Amino acid sequence: MNDSVRTRPRAGLLTFVWLWVGIPFGYGVYQLATQVVQLFTG
Amino acid sequence: MAEGFLSRSRIVAPNDWNRWLIPPAALSVHLAIGQAYAWSVFKSPLEGTLNLSGTQSALPFQLGIVMLGLSAAFGGTLVERNGPRWAMFVSLVCFSGGFLISALGVATGQYWLVVLGYGGVGGIGLGIGYISPVSTLIKWFPDRPGMATGIAIMGFGGGALIASPWSNQMLDSFGTDSSGIATTFAVHGVVYAIFMSLGVLLVRVPADGWRPKGWRPEQAKSGKLIATGHVSANTALRTPQFWLLWIVLCFNVTAGIGILEKAAPMIVDFFANTEAPLTVASAAGFVALLSLTNMLGRFVWSSTSDIVGRKNIYRLYLGGGALLYLGIVLSGDSSKVVFILAALVILSFYGAGFATIPAYLRDLFGTYQVGAIHGRLLTAWSTAGILGPLIVNAVADSQAAAGKSGPALYTVSLYIMIGLLVVGFAANEFVRPVNPKHHERFADSEAEGANR
């Protein structure tokens, strides 16, 4: 592929696949954050 | 060679394929297999149900990590030959299959099936899955290889963050008797299979001659260390650069694991003799914070390496790490803030050491078999996994036996970690470009094509 070929954004697919991995990841980070709070309050 | 749906030829991307679809494919595998570090959730229920000792209940995890190293080291060439879809599919089948075999083992009271399933079969899934997206990401992001591999390897760190609370919730729902544990394992197997299937379906390799818009190959070859040729995995083992990086990775990981493995008791012991000792809950919060910086460091520092260069960033990980350890030793129990901040940055360097190494390998050995070379280098991780905890635990035990307490319990181990980091720093300084006599005798375009 050369520079003149435009990349199709595929916005729907992009959103879906990033949410697919992002939602579980966000859940994990949220659970972690609740534990981190204990460092300052425990 | 896999044919049909799994073959490399079926996943050559059309010219307008959006490369930002590739990191989620990699993440769907790494977020799943990162569950391995949450194995401890199952230890107590298994011990209670199957009458196991702590040593026995750790066996599936330990075998899994050994199999991770072995399958990454010996399966790397197969992964390069058959392509990322094949590798992700093998990882999916082995990792999910491992859980299903373990479910059968618990349901029938045959613990050896749990060890074989999760550790043996699942461990192969860990190793093949870990290296499966590496060379593909590097080819899609020749302009930002550190960032691309940083995203995926951050996912491996994030996997345990998801699995730990999720597995606990399932055990709460299904129960911790044999039926409940078996059901939990079975649900894990099915859910992870579905989750990882996104990667299998989505992953693509770039077409011959593809490059990012506005980027020219010469831009990647402007650094002094960046290879102009390609080195095979077998030849790489005969170069000093491979073994220097082996030392760099091994000692960087050893130094980080030393803190990670004993973080909770270490911070409690460190400040035990102060006016405000830490509670167990605070220590748990500290461990969680370490996990967060371990994960974020993989993305942030690895992305930074694309700007400052791989050798410089490892100078920071190793030299900066040694200075931070020294800061912990010198400050003793006088400042919690110094201890916590230093430990957090050290752990960010620890995670970043994993995430940046594929890009360093690509710089030195080219893209031809970088995934296979990476797989072989992961034996350094296995070694560090034994060395780090061994040093910290053995030294702490001997100091406790000698009647010491507080920071004195850990002073010797911290000095050992500083020594290891200095050796790693020196090894990094010796890294030079690979001698062209090791380069494969074909044109760059052929090397790129050989992997598609």
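Numbering starts at 1 and runs along the chain as it is shown here.
Every residue gets a Cβ built from N, Cα and C, even glycine.
Positions annotated as domain 'Major facilitator superfamily (MFS) profile' by TrEMBL: B:1-431.
Feature annotation from TrEMBL assigns transmembrane segment to B:20-39 (among others).
Long-range contacts of the transmembrane segment (B:59-79) within the same chain, counting only residues at least 6 positions beyond its ends with a Cβ under 8 Å from a Cβ of the stretch, are 36, 39-40, 86-87, 102, 114-115, 117-120, 122-124, 126-128, 130-132, 233, 369, 371-376, 378-379, 381-382, 385. According to TrEMBL, the feature transmembrane segment maps to B:59-79 (among others).
Residues or ranges marked as transmembrane segment by TrEMBL: B:86-105 (among others). Only residues 6 or more beyond the boundaries of the transmembrane segment (B:86-105), in the same chain, are considered here, and those with a CB under 8 A from a CB of the stretch are 2, 6-8, 25, 29, 32-33, 60, 78-79, 111-126, 128-129, 131-133, 182-183, 185-186, 188-190, 192-193, 196-197, 199-200, 203.
Under the heading transmembrane segment, TrEMBL lists B:111-134 (among others).
As annotated by TrEMBL, transmembrane segment applies to B:146-167 (among others).
What TrEMBL records for B:179-203 (among others) is transmembrane segment.
If you look up TrEMBL, you'll see B:242-260 (among others) marked as transmembrane segment.
If you look up TrEMBL, you'll see B:280-301 (among others) marked as transmembrane segment.
Beyond the ends of the transmembrane segment (B:313-331), by six or more residues, the same chain brings 146, 248, 251-252, 255-256, 301-302, 304-305, 338-339, 342-343, 345-346, 349, 352-353, 356, 360, 407, 411, 414-415, 417-418, 421-422, 424-425, 428 to within a C-beta distance below 8 angstroms of the stretch. According to TrEMBL, the transmembrane segment annotation covers B:313-331 (among others).
For the transmembrane segment (B:337-361), the list of distant contacts is 134, 138, 145-146, 149-150, 153-154, 156-157, 245, 248-249, 252-253, 255-257, 259-260, 263, 267, 270-271, 286, 289-290, 293-302, 305-306, 310-311, 313-314, 316-318, 320-321, 324-325, 327-328, 331, 370, 373-374, 377, 381: same-chain residues at least six beyond its ends, Cβ to Cβ under 8 Å. The transmembrane segment annotation in TrEMBL covers B:337-361 (among others).
Sequence annotations record features per position, and here TrEMBL assigns transmembrane segment to B:373-396 (among others). Beyond the ends of the transmembrane segment (B:373-396), by six or more residues, the same chain brings 65-66, 68-69, 72-76, 79, 127, 130-131, 134-135, 231, 233, 236-237, 242, 245-247, 249-251, 253-262, 266, 269, 354, 357-358, 361, 365, 409-410, 412-413, 416-417 to within a C-beta distance below 8 angstroms of the stretch.
The transmembrane segment annotation in TrEMBL covers B:408-431 (among others).
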